[in-house]
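**Q** If you scroll down you'll find the structure; I have some questions about it.
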Amino acid sequence: MLKEKNSAGGGKFNFFNFLKEKDNNQAEPSNVKEFISYLKNKIINEKYEITREEAIFLSQIPNNDMETLNILFNAADQIREVFCGKYFDLCTIINAKSGKCSENCKYCAQSVHFKTGTDVYGLISKELALYEAKRNENEGAHRFSLVTSGRGLNGNEKELDKLVEIYKYIGEHTSKLELCASHGICTKEALQKLVDAGVLTYHHNLESSRRFYPNVCTSHSYDDRINTIKNAKAVGLDVCSGGIFGLGETIEDRIDMALDLRALEIHSVPINVLTPIPGTPFENNEEVNPFEILKTISIYRFIMPKSFLRYCGGRIKLGEHAKTGLRCGINSALTGNFLTTTGTTIETDKKMIKELGYEI
């Protein structure tokens, strides 16, 4: 049964005010379905921004209440279609530098602090980067990103210069591929050099909420991540930023992260599901219920109606329910293989996407 909660600032959820205005009755669980429709219509017709309290109330729908969850999923899908249409965006990445990362992110196979047996190598050549970029472009990807391990590019001019050379080289030898970059904590000056090299989007996840982040990483702060996002936006880069579900956070933490992303005006939100890596502190984390993941995705669509919600690493954890994500808010995906885990083929993803009526 759904229960009333007090908001952070005191008082009751708007849900109860809505019910009082409607019939002056005490809230009953059966009315949740009507409230979902009420919120959906306000978002579509009034460009309404839902509150933290409303989002948390939606999160209380039990994971086994399929009737109510399907109403939530359908509402999220309608919001997606109104604000984003049927276009589905596909991006790809290459692990361009692997291992020996100085940071202690507890989920990561590439941290020097943990013994995971991951591959270790330096920055790849521009020729290999171009080969992978062209292969992905030919298979139908819209975007391609180099991803490098390490804290960031601050104070690493040699690596920055090499990356600039690689991005320019890819840009000169591809036609439609949009270039993205993921290189950790960066100054405006370093990011401007990436812009000048042809990079259009910078990826830098928040990973979790401000409250929970110290449980994930202590070698840099949540504000370090936010400042890098602000630096990227300041030099004209689009920003791709999201997080990982299954780190041990609560669903309220996921909602708080989404609200921070909304405040930062992020329009591409990667949604990862933890793949526990042996040797990391999170190797024994419990898996999140697939329907809780789908419920969270739907709530993200209510919070960020205009954004690309992007399936990324770990979506295989959803199993047969992964396709449902494309009917409850997802409208983009990282396709192909991920950094240190196996993904899906571009062709397989394209087939599924088209079967569900999207345009690529």
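Cβ coordinates come from backbone N, Cα and C, glycine included.
Feature list, courtesy of Swiss-Prot:
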type	residues	note
BINDING	Cys101, Cys105, Cys108	[4Fe-4S] cluster binding site
BINDING	Ser145, Cys180, Cys240, Arg310	[2Fe-2S] cluster binding site
DOMAIN	83-315	domain 'Radical SAM core'
**Q** Rounded to an integer, what is the Cα-Cα distance in Å between Arg310 ([2Fe-2S] cluster binding site) and Cys105 ([4Fe-4S] cluster binding site)?
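**A** So the alpha carbons of Arg310 ([2Fe-2S] cluster binding site) and Cys105 ([4Fe-4S] cluster binding site) sit roughly 22 Å from each other.
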**Q** Counting all other Cβ atoms within 10 Å across every protein chain shown, which of the binding-site residues Cys101, Cys240 scores highest?
**A** Cys240
**Q** Which value does the mean pLDDT take for the domain 'Radical SAM core' (83-315) in this predicted structure?
**A** 96
**Q** Beyond Cys101, Cys105, Cys108, what residues of that chain have CB atoms within 8 A of the centre of the [4Fe-4S] cluster site's CB atoms?
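**A** For the [4Fe-4S] cluster site, the extra neighbours are Glu103, Asn104, Tyr107, Ala109, Gln110, Ser111, Ser149, Cys217.
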**Q** Compile a sequence-ordered list of residues in the same chain as Cys108 ([4Fe-4S] cluster binding site), six or more apart from it, whose Cβ lies below 8 A from its Cβ; state 'none' when nothing qualifies.
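**A** Correct list: Cys101, Phe114, Ile277, Thr280.
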**Q** Whole-number answer please: how many Å between the C-alpha atoms of Cys105 ([4Fe-4S] cluster binding site) and Ser145 ([2Fe-2S] cluster binding site)?
**A** 21
**Q** Specify all same-chain residues, apart from the site residues Ser145, Cys180, Cys240, Arg310, whose Cβ lies within 8 angstroms of the center of the Cβ atoms of the [2Fe-2S] cluster site, ordered by sequence.
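**A** Along the chain, the qualifying residues are Cys91, Ile93, Arg143, Ser182, Thr201, His203, Ser268, Pro270, Leu334.
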**Q** Which three-state DSSP class does Cys105 ([4Fe-4S] cluster binding site) fall into?
**A** coil
**Q** For Cys180 ([2Fe-2S] cluster binding site), what is the tally of other C-beta atoms lying within 10 angstroms of its C-beta?
**A** 25
**Q** List every residue in the same chain as Ser145 ([2Fe-2S] cluster binding site), at least 6 positions away in sequence, whose Cβ is under 8 Å from its Cβ.
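**A** Same-chain residues close to Ser145 ([2Fe-2S] cluster binding site) (Cβ under 8 Å, separated by 6 or more) are Cys91, Thr92, Ile93, Ile94, Leu179, Cys180, Ala181, Ser182, Thr201, His203.
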**Q** What is the Cβ neighbour count of Cys105 ([4Fe-4S] cluster binding site) at a 10 Å cut-off, with all protein chains included?
**A** 23
